[in-house]
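Contents: one structure, followed by commentary.
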């Protein structure tokens, strides 16, 4: 059932328009805000073009020579055929396209006599000579001459279609640019739009806030290759001594290599075409989710002492699998929606509906990990397995540091997003997702260092016949059998029985008989 649900979500997202620098408009509707009807057409961080390549706005070949631009491509507004005759005969019916840099947002809108701010010019403002009634209110920017920019597509008489001429706007100032389609006529409420706009940076079609991630994933791919070479070298050198836990770590490293490589190729393709390659994105998300789930499960079973204190997880296996499967499902849906869906269309409540389950399951993993780790360290202390205890203490320190850093970064992320409502710090936004990749990679490096394959790997594995390290063991001196005066042993038990009894005595000393029986 869960697999079918996940497949349905994936197919729905693959078939719907996603985030892109080529923004296509189809089936979108205008929202009523104040006295205006508005459709958000795009918002992207754009870097300035070099002065030599900045061309005039009306030059049709500007896109071919400009480093950065916004281009309108065959945008058509269509009135429904059943529109009233009064609407068809209104020659002033028009749709306006407003493009502005976020610093100029205060230049948009106005009010008469200090009243409520309006987007469309009212009769009172028209009487003051501040604007033309029915038009969008804006004032020229003092910081960025020539901006904001306003373009108009008008319906002539009874025409049902208004076309916005194709044009290219060169970007000569680095900033976060916004585009809105606006009309001020309530009778145009069911207006339809078709066409697309193309946004380009000097280095390609990647949005400015995402552009640095391409190089970041390239570096992360290289880092995973270096880690993989080290790990596989150790693995092959000591392949006879490899533990099941080390096989799991090998799986995580392999998944990480595929994930980082797929993300790099996904961003490279996006940068070339302006549209996200949904197939590559889907597999990058899936490999990443599988890796994240596997890493969480491995940390949990390591904390439980699997392979070190106990040979199996016993009755906890099904619970671990259930938690891991639920975590995978919730994370996969969230990541698919965020990377394949139209992110800007998600309302706050809709996004929280997807984020909360992942956060709760992640917290469940953390709590269970630390509870299990405390129990495992306690057992190692009781058994005086000092070498294993040293490894687990270092592992615990790494986990504690990781959790503290994560909590601190979550606090910073909340502060960053709450104080940057208009995305003015878009050039630094890539650091937020990049940090989590670096943190998980760092923790993986620590685990690889602590549990690297070696000739002594079996020294850290579970052994039912001895509970002390060869290096740190205490000699259990077994008293010799008492002999009678005639040289015969006073004990009538055979040697095998004595040996068994001695082993059972050691087992009783550990105090974990019942647990081992359950397992």
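Any Cβ shown, glycine's included, is placed from N, Cα and C.
As recorded in TrEMBL, the features of this protein are as follows:
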type: SIGNAL; residues: 1-20; note: signal peptide
type: DOMAIN; residues: 212-457; note: domain 'GOST seven transmembrane'
type: TRANSMEM; residues: 216-233; note: transmembrane segment
type: TRANSMEM; residues: 245-265; note: transmembrane segment
type: TRANSMEM; residues: 280-309; note: transmembrane segment
type: TRANSMEM; residues: 316-334; note: transmembrane segment
type: TRANSMEM; residues: 354-374; note: transmembrane segment
type: TRANSMEM; residues: 395-414; note: transmembrane segment
type: TRANSMEM; residues: 434-452; note: transmembrane segment
type: REGION; residues: 479-519; note: region 'Disordered'
type: COMPBIAS; residues: 483-492; note: compositional bias 'Polar residues'
type: COMPBIAS; residues: 509-519; note: compositional bias 'Acidic residues'
Query - Annotated stretches the transmembrane segment (434-452) and the transmembrane segment (280-309) touching (3 or more Cβ pairs under 8 Å) - result: yes
Query raised in the report: Under a Cβ pair cut-off of under 8 Å, which of the recorded stretches 216-233, 245-265, 280-309, 316-334, 395-414 contacts the transmembrane segment (354-374) most often?
Result: 316-334
**Report entry** Ranked first among 216-233, 280-309, 395-414 for CB pairs under 8 angstroms with the transmembrane segment (245-265)
**Finding:** 280-309
